[in-house]
Amino acid sequence: MNVSTLQQKITALKQTKKAILLAHYYQVPEIQEIADFVGDSLELSRKAASTEAEIIVFAGVYFMAETAKILNPSKKVIVPDVNAGCSLSDGCPPDKFEEFLKNYPNHVVVTYINCSAEIKTLSDYVCTSSNAIKVISTIPEEQKIVFAPDRNLGNFLIKETGRDMVLWEGSCVVHEAFSLEKLIRLHQKNPDAVIVAHPESEAHILRTAHYIGSTSGMINYIKSSPKTKFIIATEHGILYKMQQEVPDKILIPAPSKEDNTCACSECAFMKMNTLEKIYTCLLDESPEVFLEQEIITKAQHPIQRMLQI
Ligand code: 13P
Ligand code: SF4
């Protein structure tokens, strides 16, 4: 089946089954085009919590679909590919994290939403890259904090908030792939370009960036900036939405360390989702996300705390 036939079939199936298709900005354009809602992880969580659809098809990665299930447990949440994981989530196993926490009694546990449902049950607060500073600022000054699983976002937060935080040593394979040397050379060739970066990037990349923010934060920044040229240090999929929002501006993907053929970084997990897989998952209403009620109840608390902030 070609792209437009698949898109039409998915759109028709969504209507008959009263389903909503939620897609992260890192999805390929043909998925974003037919999604009912495209957003960053915070916006997608809010949408998942408020939807009246009977089925949520989540085109993102697994922890995002789990979050949708936690927030809306009576709905059927299905995913195009159950193997669409995340290096941050996979790099923080619950048993190891539980052991780690034993070293830090009396610490408040703040976890980045990029973690499994089990890790969320061990958390006091969940945050995303767009609200992490806000979430941390609600915690009393004298309170020590454990932050997991992203050490780059954690170090950025320590710098921004001046708080005492113990970090779990996790990272995003995509955002750690940017080359500082190539980025500096690219900027020397384009001295008028503004560098924007996602806070999952390494500290040296963040130090060269003129603006640091979440996926939606970057889009809003570029939209409101009077400048016309930008170098983007985040996953390549975001360029589709960004370019739609600012058709007259020049967007250049930041170069990766390894990749000589493509200047951009792509999240292989996000790109596991395809139109074909969305179609079959909607048709079969499978694979479905299942979570034990106890996990849902415990994980709801830190996520709801975040959504109320
Ligand atoms: P956002 O919270 O900006 O959507 O980021 C999610 C993510 O996985 C970034 O790699
Ligand atoms: Fe996870 Fe990184 Fe992919 Fe985001 S880009 S889903 S943090 S692996």
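Even glycines carry a Cβ here, placed using N, Cα and C.
Nobody curates TrEMBL annotations by hand; they come from automatic prediction.
Here is what TrEMBL records for this protein:
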- HIS24, SER41, TYR112, ILE113, ASN114, SER129, HIS198, PRO199, GLU200, THR215: iminosuccinate binding site (BINDING)
- CYS86, CYS172, CYS267: [4Fe-4S] cluster binding site (BINDING)
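On the structure: features taken from TrEMBL.
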{"residue": "HIS24", "record": "iminosuccinate binding site", "DSSP class": "strand"}
{"residue": "CYS86", "record": "[4Fe-4S] cluster binding site", "DSSP class": "coil"}
{"residue": "TYR112", "record": "iminosuccinate binding site", "DSSP class": "strand"}
{"residue": "CYS172", "record": "[4Fe-4S] cluster binding site", "DSSP class": "coil"}
{"residue": "HIS198", "record": "iminosuccinate binding site", "DSSP class": "coil"}
{"residue": "CYS267", "record": "[4Fe-4S] cluster binding site", "DSSP class": "coil"}
Over all shown protein chains, what is the count of other CB atoms within 10 A of the CB belonging to CYS172 ([4Fe-4S] cluster binding site)?
26
In the chain carrying GLU200 (iminosuccinate binding site), residues 6 or more apart in sequence that have Cβ under 8 angstroms from it:
LEU88, SER129, ASP150, ASN152, LEU153, SER171, CYS172, VAL174, HIS175, GLU176, THR234
Separation of alpha carbons, CYS86 ([4Fe-4S] cluster binding site) and HIS24 (iminosuccinate binding site) (Å):
13
Say you check the Cα of CYS86 ([4Fe-4S] cluster binding site) against those of the binding-site residues TYR112, ASN114, HIS198; which is nearest?
ASN114
Give the subset of the binding-site residues HIS24, TYR112, HIS198 lying near ligand 2, defined as CB under 6 A from any of its atoms.
none
Calculate the distance in Å between the alpha carbons (Cα) of CYS267 ([4Fe-4S] cluster binding site) and ASN114 (iminosuccinate binding site), and round it to a whole number.
14
Write out, in the order they occur in the sequence, the residues of the chain not among CYS86, CYS172, CYS267 that have a C-beta within 8 Å of the mean position of the C-beta atoms of the recorded [4Fe-4S] cluster site.
VAL61, SER87, LEU88, ASN114, VAL173, VAL174, HIS175, GLU200, GLU235, PHE269, MET270
